[in-house]
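Asker: For reference, Swiss-Prot lists these features for the protein:
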| type | residues | note |
| --- | --- | --- |
| BINDING | Tyr5, Asn42, Asp69, Gly110, Leu111, His112, Gly113, Val114, Gly115, Ile116, Lys334 | ATP binding site |
| DOMAIN | 412-525 | domain 'Toprim' |
| BINDING | Glu418, Asp490 | Mg(2+) 1 binding site |
| SITE | Lys443 | site 'Interaction with DNA' |
| SITE | Asn446 | site 'Interaction with DNA' |
| BINDING | Asp490, Asp492 | Mg(2+) 2 binding site |
| SITE | His497 | site 'Interaction with DNA' |
| SITE | Arg615 | site 'Interaction with DNA' |
Amino acid sequence: MTQTYNADAIEVLTGLEPVRRRPGMYTDTTRPNHLGQEVIDNSVDEALAGHAKRVDVILHADQSLEVIDDGRGMPVDIHPEEGVPAVELILCRLHAGGKFSNKNYQFSGGLHGVGISVVNALSKRVEVTVRRDGQVYNIAFENGEKVQDLQVVGTCGKRNTGTSVHFWPDESFFDSPRFSVSRLMHVLKAKAVLCPGVEITFKDEVNNSEQRWCYQDGLNDYLGEAVNGLPTLPEKPFIGNFNGETEAVDWALLWLPEGGELLTESYVNLIPTMQGGTHVNGLRQGLLDAMREFCEYRNILPRGVKLSAEDIWDRCAYVLSVKMQDPQFAGQTKERLSSRQCAAFVSGVVKDAFSLWLNQNVQAAEQLAEMAIASAQRRLRAAKKVVRKKLTSGPALPGKLADCTAQDLNRTELFLVEGDSAGGSAKQARDREYQAIMPLKGKILNTWEVSSDEVLASQEVHDISVAIGIDPDSDDLSQLRYGKICILADADSDGLHIATLLCALFVRHFRALVKNGHVYVALPPLYRIDLGKEVYYALTEEEKAGVLEQLKRKKGKPNVQRFKGLGEMNPMQLRETTLDPNTRRLVQLTISDEDDQRTNAMMDMLLAKKRSEDRRNWLQEKGDLADLDV
């Protein structure tokens, strides 16, 4: 590590180099499936805009993937500012694309102009063939660099247009170089469902199989297939749609009163949102509001019973498709929608449609209401049972714990908050129904070398154990009180130290919680940036620089505030940045069987008292990677 830090030490990454250096920031590096999805999304965007009727996908025997569409064809003319063919610009330059405005596509899944260029950056070779204006063009790239100029290789009919992208993923960037065929087929089938009338084919040359999908009544047919043979309520799915100038929503849903595997899929501009988001929240809220209104109007709600979202949502199977301009996603992989206005839009549309349906189908509606009321009554009985058990047999909960009222492990969350002042703000900012808060005083004990029999001697550890309902070193999670246990510490070095000690506690003494995916670390922002009435939050210096760069195009001077700790945030800011599921950032603490030994070795080196020499050597070797507050 060099001792001098001057202008020579500053690196500027250009072209596709940022992607090749940090591929995990741009795609899922488990398998190359996400690269395939990016190319498929481009072709489907053409279908969504009404310019394509067919998309063909071929998985070749050498694990390369080819996607062919009959859309307009990528532009091949020279870009007026950059002086290179547009197709070359699209593949070689991050943030170059035709989907930033609404001139070319009303709705699209491409937002940042990085999708196809990421495919190019992480592939050994990419070949693009464009049919446009009666000519066939070809261009090729290797390792993100152009190796063959755009050239005309043939002619075709004027109406014969489209694009073919054939790419060979670079296995050095992925845990496994092989495509998951089942996931690929699931994505393609979903695209066909969401684009009624568009034909999508998949040819698998590895397993010698072919598949074709084309749905005329997309969502209804798809949901009906998924629950075929199971008793449903109603018999035929409740379907609806609404199309506005800048937003559109389609849905199909039904309930499985006797249980069964639920299909729960959501999409934004045909992009699958595996983790849901604001559109799914809006669907749930709209159904709840309509059902509450129906029950109150018909006076069928027993005294003391109030329906909650989980009562109407518990056995609901649904497919939801939202189309909107400028959607905001949590992360580049677009697995969760965070656009706040979408929740209100979907909720309002669904509430009106479901209210109408309930009053037009009274018999089925009353059966649904009975099912929801029975769920609410079970929930109330379970809550009373839990309270009675606490008073008679179990240890009293810690006094500083501000508990929640819900019991559903799919929703309940416990936040372990650094400091009393931040704990007070968090108690005001939380949703009392499903979020519990427990403040911690200072740094907890380093428990890495403490036996599980002795660890409860620490009052803080004892309180955490009682609050979550699990004994140290126990694999029995039947008494677990919260589905998510979230570590919430300051974004500075002290906060990171506390978060590390808490992670060590869970990895060493509550390993079953970690292995079952119950432990999370919240990522509070370090900066708040204000420009007029617009507010932005940044987690790191790099994010702050990115936001400021983006704001240069707007009038006014941005005001930057650095949070010294969680205690500096008011309850509204704390809710928006760290507690609200729609806008916060959580990182799940996970340990796979393969990583077990490696995780133990790393934690032991960092936390064991006898390993000080190893720590010093590690710091000398890796110290230049540290992000320090100086």
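The backbone N, Cα and C atoms fix where each Cβ goes, glycine too.
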Asker: Near the Cβ of Arg615 (site 'Interaction with DNA'), how many other Cβ atoms are there if near means within 10 Å?
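Answerer: I count 13 other Cβ atoms within 10 Å of it.
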Asker: Cα of Lys443 (site 'Interaction with DNA') to Cα of Glu418 (Mg(2+) 1 binding site): how many Å, rounded?
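Answerer: Rounded to a whole number, the Cα-Cα distance is 8 Å.
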Asker: Just how many other Cβ atoms lie inside 10 Å of the Cβ on Asp69 (ATP binding site)?
Answerer: 28
Asker: What Cα-Cα separation, expressed in whole Å, is found between His497 (site 'Interaction with DNA') and Asp490 (Mg(2+) 1 binding site)?
Answerer: 10
Asker: Asp490 (Mg(2+) 1 binding site): which of the recorded positions Asp69, Gly115, Arg615 have a C-alpha within 10 angstroms of it?
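Answerer: The recorded positions close to Asp490 (Mg(2+) 1 binding site) (Cα within 10 Å) - there are none.
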Asker: I want to verify one value. Collapsing DSSP to three states, which class is Asp492 (Mg(2+) 2 binding site)?
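Answerer: For Asp492 (Mg(2+) 2 binding site) - judged by DSSP and reduced to three states - the answer is coil.
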Asker: Which of the three DSSP-derived classes (helix, strand, coil) applies to Lys443 (site 'Interaction with DNA')?
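Answerer: In three-state terms, Lys443 (site 'Interaction with DNA') counts as coil.
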Asker: In Å, rounded, how far does the Cα of Asp492 (Mg(2+) 2 binding site) sit from the Cα of Glu418 (Mg(2+) 1 binding site)?
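Answerer: On Cα coordinates alone, these residues lie 12 Å apart.
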Asker: Does Glu418 (Mg(2+) 1 binding site) have same-chain partners at least 6 apart in sequence with Cβ under 8 Å from its own Cβ, and which are they?
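Answerer: The list for Glu418 (Mg(2+) 1 binding site) reads Pro439, Leu440, Leu488, Ala489, Asp490, Gly495, Ile498, Gly565, Leu566, given in order along the sequence.
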Asker: Pop the Cα-Cα gap between Arg615 (site 'Interaction with DNA') and Asp69 (ATP binding site) into the table, whole Å please.
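Answerer: Rounded to the nearest whole number, the Cα-Cα distance is 55 Å.
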Asker: Taking just the CA atoms, what is the gap between Asn446 (site 'Interaction with DNA') and Arg615 (site 'Interaction with DNA') in Å?
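Answerer: So the Cα of Arg615 (site 'Interaction with DNA') lies 16 Å away from that of Asn446 (site 'Interaction with DNA').
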